[in-house]
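Structure first, then comments.
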Amino acid sequence: MELRNSTLGSGFILVGILNDSGSPELLYATFTILYMLALTSNGLLLLAITIEARLHMPMYLLLGQLSLMDLLFTSVVTPKALADFLRRENTISFGGCALQMFLALTMGSAEDLLLAFMAYDRYVAICHPLKYMTLMSPRVCWIMVATSWILASLIAIGHTMYTMHLPFCVSWEIRHLLCEIPPLLKLACADTSRYELIIYVTGVTFLLLPISAIVASYTLVLFTVLRMPSNEGRKKALVTCSSHLIVVGMFYGAATFMYVLPSSFHSPKQDNIISVFYTIVTPALNPLIYSLRNKEVMRALRRVLGKYILLAHSTL
């Protein structure tokens, strides 16, 4: 097949789920609501964790970072998808595609690592409460956050540079919601089998190892919770952990389907649907899952909203 020059002037056409659906208007309205929900809920959660002194704890610092990652992740993808649908213009420049891929990989990989650190935080809090402030000191917590961002950025840079240097064929139509590695490999006019093996190894390392750590952490947590004499303490621990497990299941399930399962196991249409879960649905639901099931967060949100409502009334 004829090759295309990979220059900044060359572009791709993103054929996302909005362009490949029988009811695009309904999907557009749903995505708009979910995006506004993600902006509002993650923004409020970040605000509450930042200004409420009672939430200046390792658990809530990690939760704030999760909200920040979700906010950035969905903003990398959703606004462009919605704007393209309205304009009936689905093109993305070569440079724009590379940037979107880098940012999406960074946010996704950082969240992947952060969720494992959050599981460790819950393990320490429940299984070793007397050592909590030593094992999860502010310094340790910030090291976890920095590790998530730095490792994710390095992985994203490497994969983005390699993928975007592949020779692409004349067909530039990406049947996907965003510029991502699997759909772009389908456009490459080169043998990508070795690179697909590298992606598989990276996927196993960055997805299955954190999942294993999370499962191990919560297995130990479960044994500890079952031995708790207080029903109230047992209930509080289970509520906190179940919230995290719901988030973990949604995120890792979709990411594993996309990056670990062989491409022969899923079609472009299935990939399109799955990408919606980790770019739009999960960022909108994560803060609700955490805040609605956490009394401390709900109290902090009410205090923050109350302050701003009073401030707004006093300025009128």
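A Cβ is built for glycine as well, from the same backbone N, Cα and C atoms used for every other residue.
What you are looking at is a predicted structure, and each value in this text was computed from that prediction instead of being measured.
Taken from Swiss-Prot as is:
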- 1-30: topological domain 'Extracellular' (TOPO_DOM)
- Asn5: N-linked glycosylation site (CARBOHYD)
- Asn19: N-linked glycosylation site (CARBOHYD)
- 31-51: transmembrane segment (TRANSMEM)
- 52-56: topological domain 'Cytoplasmic' (TOPO_DOM)
- 57-77: transmembrane segment (TRANSMEM)
- 78-97: topological domain 'Extracellular' (TOPO_DOM)
- Cys97-Cys179: disulfide bond (DISULFID)
- 98-118: transmembrane segment (TRANSMEM)
- 119-139: topological domain 'Cytoplasmic' (TOPO_DOM)
- 140-160: transmembrane segment (TRANSMEM)
- 161-205: topological domain 'Extracellular' (TOPO_DOM)
- 206-226: transmembrane segment (TRANSMEM)
- 227-244: topological domain 'Cytoplasmic' (TOPO_DOM)
- 245-265: transmembrane segment (TRANSMEM)
- 266-271: topological domain 'Extracellular' (TOPO_DOM)
- 272-292: transmembrane segment (TRANSMEM)
- 293-316: topological domain 'Cytoplasmic' (TOPO_DOM)
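A map of Swiss-Prot features onto the structure.
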| residue | record | DSSP class |
| --- | --- | --- |
| Asn19 | N-linked glycosylation site | helix |
| Cys97 | disulfide bond | helix |
| Cys179 | disulfide bond | coil |
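Annotated pair Cys97 (disulfide bond) and Asn19 (N-linked glycosylation site), C-alpha to C-alpha distance, rounded: 18 Å. Counting other CB atoms no more than 10 Å from each candidate's CB, the disulfide-bonded residues Cys97, Cys179 peak at Cys179. Packing against the topological domain 'Extracellular' (78-97) from elsewhere in the chain are residues 6-16, 18-19, 24, 28, 31-32, 34-35, 38, 164, 174, 177-179, 184, 279-280: each is 6 or more residues past its ends and has a CB under 8 Å from a CB in it. For the transmembrane segment (245-265), the partner stretch with the most Cβ pairs below 8 Å, chosen from 31-51, 98-118, 140-160, 206-226, 272-292, is 272-292. Long-range Cβ neighbours of Asn19 (N-linked glycosylation site) (same chain, at least 6 residues apart, Cβ-Cβ under 8 Å): Phe85, Asn90. Counted over residue pairs separated by six or more positions, the transmembrane segment (57-77) shares fewer than 3 Cβ pairs under 8 angstroms with the transmembrane segment (206-226), which leaves the two as not touching. Here the topological domain 'Extracellular' (1-30) returns a mean pLDDT of 72 for the predicted model. Listed by sequence, the residues of this chain that lie at least six past the ends of the transmembrane segment (272-292) yet keep a Cβ under 8 A from its Cβ atoms are 16-17, 20, 31, 34-35, 37-38, 41-42, 44-45, 63, 66-67, 70-71, 73-74, 76-78, 104, 108, 175-178, 180, 243-244, 246-247, 250-251, 253-255, 257-258, 266, 298, 301. Counting residues 6+ beyond its ends, the transmembrane segment (98-118) has Cβ neighbours under 8 Å at 59, 62-63, 65-66, 69-70, 72-73, 76-77, 80, 92, 144-145, 147-149, 151-153, 155-157, 159-160, 163-164, 178-181, 184, 206-207, 210, 213-214, 244, 247-248, 251-252, 255, 278-279 in the same chain.
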